[in-house]
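The structure under discussion appears below in the form of structure tokens.
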Amino acid sequence: MNSAEIRQKFFDFFASKQHQVVPSAPLVVKDDPTLMFINSGMAPFKDYFLGNKPAPYKRIADTQKCLRVSGKHNDLEEVGYDTYHHTMFEMLGNWSFGDYFKKEALHWAWELLTEVYQLPKDRLYVSVFQGDEKDNLEKDQEAYDIWKTMISEDRILFGSKKDNFWEMGDTGPCGPCSEIHIDLRTEEEIAQVPGKELVNNDHPQVVEIWNNVFMEFNRLADGSLVKLPAQHVDTGMGFERLCMAIQKKRSNYDTDVFQPMIQFIAGEAGVKYGENEKTDIAIRVMADHIRAIAFAITDGQLPSNNKAGYVIRRILRRSVRYGFTFLDFKKPFLYKLAEVLSDQMAHVFPELKQQLSFVQRVIEEEENAFLRTLDNGLKRLDTLEERFKENNNTIDGKTAFELYDTFGFPLDLTALIAREKGLRVDEAGFGVEMEQQKNRSRNASATEQSDWVVLQPDVSTDFVGYDRDEAESYVVRYRQVKTKNKSEYHLVLDQTPFYAESGGQIGDTGYLISDSEQIEVLDTKKENDLILHITSKLPQNIEAAFKSQVNAERRNFIRKNHSATHLLHAALRKVLGVHVQQRGSLVSEKLLRFDFSHFAKVEEAQLREIEHIVNERIRQSIPLEEQRNAPIAEAKGMGAMALFGEKYGEFVRVISFDREHSVELCGGTHVYNTGQIGYFKIISESSVAAGVRRIEAVTATVAEDYVQQQLNELNAVREVVGTQSNLSGAVQKLHEDFKVLQKQLEQFELKQLGTLKESLVQQAQQLDGVNFVAEQVEVSNADHLKKLAFDMRQVVDNLVLVLAAEIDGKPQIAVMLSDNLVSEKNLNASQLVRELAKEIKGGGGGQPFYATAGGKDAAGLPVVPAKALELVKNSLKQ
Ligand code: ATP
Ligand code: MG
């Protein structure tokens, strides 16, 4: 059975048990501060488990893209080394939301595995929860009794909280679980050690394939458990492991899920997979990581230098590094692999193909940048080599850490290069540096969040901000959040006009006003479906009725900028082409920023045309057409843009300004009529990443002010230049005149420099076979000082020259020696200049024959020549 059939059989099986089969949610998580990427099949359904939102179906089955590279579930370091952990993998799941429970779930799991997939019963083991004293939980006898009817009791094992109590994160829904393991070893191997002893023991051939979780609890921040309003089933089966079991392979990488990529990599590297442990690991790393990288970028997460973007960048760099070190890929390669992946997976995940060329460009650019960094790091190692040799043939911990931190060299790579050079690495020292950095970042980000204080349970927030700036509200829950420097409160209201930051639009500010007090709302944020009003203090009377009032003037600017963003998006597609896709945006009261895919600079003329189109739409006063609850299919039919990243089963809000021009899915606040925007002006166009451009623009009075300010500046220039007509011509002329004068001045100064040189030559003093010159001189810049020194060297033999000068208020010293003096008389310009620099409170250095120094104290300059004479006399004596 190939992998596509295996996946399909899963869907068909659960469809036959009345499950609705839905597509995978995007890998990238948008509105959840506790999670960067989906790490399990249940994460997209979190709100249903918590009871924040009703599930659209009671029974669902799906395959969910998961990424386990950060946070509670992090398998990154295993990947490549073992045969069954991946960064990105598919989790097949069947779900009951308050519907069936343990009995059905376990029976169906058994039926699917043993009857549909025909896995041998005598190779399967199951585990159930043994209970836990700390959490005051009993053992899961119910699950045990169900299994007993299907499988012999010596194949049912009890497991601890670590393996048999599933938790998504530090807080959130959780419950006991029952795992199914398979023993894939040969008969001979089994004869030696019974499979039972290897379950949950990290044996590569005795692996967990399926976990059935019975969600019953919610873990709170204080560590306690509370019962969820209903019981649910959440199951997760590792698709790649299932394929290994059914296809009777000993490694996930030997299945048809990975083989196309493995063969491609091996072919390009000119090696055979399976012959050398080192190259095999590198091949597995690359075959695995390309999936995480390509899916993440496709789902909207570009590599970057912070947060989720940094996680992706690190994965990408990890694979470049393995390819670079073990497969000799010195040029970008991963981007080619993205195509192999897309060819193979597009039938299940069509988004891979649709975004392929964009994804490839992003990857290639990242690869190039990192390969350059690697190269710089190698060079740095080369230049420090002497120092390491002197340091007992050791690369010190600090340098190893610097290589890691700035050049992306992990310790193993540094160690590898060190070995080639006959050096070793101070690994303990590296560990110390690493620990220190961790502490620094831990301290910077430590937050303490109290549990919610719930005043009105089961009340969800009614958002009324599309229609109003004000509402009557009650607080339904609140909590305190403390970080190192501040303490704030999060208030959730039963009804609110405040828009929470999302979709690029910033959060509203305003006030909560009761009869007795007024509380400022500093910002509004979203956490899943909760709208958090952020304040610096708690109302004294928290149960009062509040008038919740958005800062309307600010909100109006935001509306204008948001609607203008839609008009800009449409204009971009019209002028540049339909490949333009939104890659990010920011809508604030001050400006709008729009990032989009496009592969070249937007020309000036195109910018003017785009601006013109937007202003035309504004002048046409097009009314807003808003559909608050359109099913996704209908929105698609209207040609809505930005369909990526929507979760399945959601109703969407469609915003259009004349359906011909602009139709978008959008949750933001908008003007009622484009005329309200008033005026639109682009203020910059730039590049943000490979294939991504950024336009910033302003609207309404901000745009007016911007234009006025430009005009004011122009007028100021007119005043200075003293002309009303042909300003650019006049400035051009001024500029040319200036260049002519500058040249004349330079020539004049050089002539003076020549005269100065002549007089210095005359002053040369004979000292023990040396021509000694030391003088304080006047020159206009450092280049001239250098030129003077080098010119002197041309005409005077056996020269020891010391020049002191004040340049732009700062003291400088230059020392020049004839080459023969360096070798014969044991003189050294670097040493000399360092000694002399003490007089001017400075330092410097250079080469043995020429060195310079700068300092802070020009008052010391006059003593430099005399000191130089003394120093040189002394060294000539020795
Ligand atoms: P393991 O102990 O093997 O790491 P787990 O306990 O972390 O597994 P769960 O969180 O229960 O796994 O996830 C459900 C299923 O997803 C597992 O039974 C397994 O088949 C699969 N799975 C988990 N992590 C990975 C991974 N990194 N790569 C591939 N499949 C995985
Ligand atoms: Mg795990």
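Any Cβ shown, glycine's included, is placed from N, Cα and C.
In TrEMBL, annotation is done automatically, which means it is predicted and not curated.
Straight from TrEMBL, the features:
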type	residues	note
DOMAIN	1-709	domain 'Alanyl-transfer RNA synthetases family profile'
BINDING	H562, H566, C666, H670	Zn(2+) binding site
If you take the centroid of the Cβ atoms of H562, H566, C666, H670, the listed Zn(2+) site, which other residues of that chain have their Cβ within 8 Å of it? R559, S563, T565, V587, I655, E664, G668, T669
With every protein chain in view, how many other Cβ atoms are within 10 Å of the Cβ of C666 (Zn(2+) binding site)? 23
Provide the three-state secondary structure of H566 (Zn(2+) binding site) computed with DSSP. helix
Under DSSP, is H670 (Zn(2+) binding site) part of a helix or a strand, or is it coil? coil
